[in-house]
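Data first, discussion second: the structure below is written as structure tokens.
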Amino acid sequence: MNSILLVFAGILAVCLPASATQCNVNPVQIPKDWITMHRSCRNSMRQQIQMEVGASLQYLAMGAHFSKDVVNRPGFAQLFFDAASEEREHAMKLIEYLLMRGELTNDVSSLLQVRPPTRSSWKGGVEALEHALSMESDVTKSIRNVIKACEDDSEFNDYHLVDYLTGDFLEEQYKGQRDLAGKASTLKKLMDRHEALGEFIFDKKLLGIDV
């Protein structure tokens, strides 16, 4: 009996101090002088993040479409799944930038309010490539609008963000648009000459397979 009481007392001795020493961290006040991004610039960046996530979801839908057994175009599927990953990475880069500038300390959930893909099927590869090119053009225009909002602010010209978007994002966008336009042109020429077989050949070339 005494041994049971000793064990019980030992448990209490361990548990009570543990509950008494729980870590309660009070909020701290940090100077805000270093947070210099203005509202119009910040809001346009948040909208751009949503657009990048939306583009990623649309590319996922495109990849899923070309992965269907009744479509079976693995080259196109891989192309669009890779594009989805790139758009997601763009969104992550923008989020990381805002965090570096002291933003996104609250109301992060609004960034997740993204509309679902507008389309889920395409007649063929040409239509899908042209849709992708149109979507990338819209993303490029949106980035230019962000640059304008952050550059033309009468109170604060955000040179650093403008330089970041111009150097890292716009160049990649322009190269991506040119690549999609070239792919669409090549596919159209193949299909003009070989009809449906042309799309099959092009799909294999996307996988690096010579036919």
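Cβ atoms are placed via backbone N, Cα and C, with glycine included.
As annotated by Swiss-Prot, Fe cation 1 binding site applies to E52, E87, H90. The Cβ neighbour count for E87 (Fe cation 1 binding site), using a 10 Å radius and every protein chain shown, is 22.
Taken from Swiss-Prot, the feature Fe cation 2 binding site applies to E87, E136, Q173, supported by a curator's inference.
Among the features that Swiss-Prot reports, disulfide bond is placed at C41-C150, with the record citing experimental evidence. Within the same chain, the residues at least 6 positions away from C41 (disulfide bond) whose Cβ sits under 8 Å from its Cβ are V146, A149, C150, D153, F156, D158, L161, listed in sequence order.
Sequence annotations record features per position, and here Swiss-Prot assigns domain 'Ferritin-like diiron' to 35-191.
Residues annotated as signal peptide in Swiss-Prot: 1-20.
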Shell list (Fe cation 1; ref centroid = CB of E52, E87, H90; cutoff 8 A): M51, V53, A55, S56, E86, R88, E89, A91, L94, V139
Sparsest Cβ surroundings (other CB atoms within 10 Å) among the binding-site residues E52, E136: E136
Listed in sequence order, residues with CB under 8 A of H90 (Fe cation 1 binding site) and six or more positions away: E52, F169
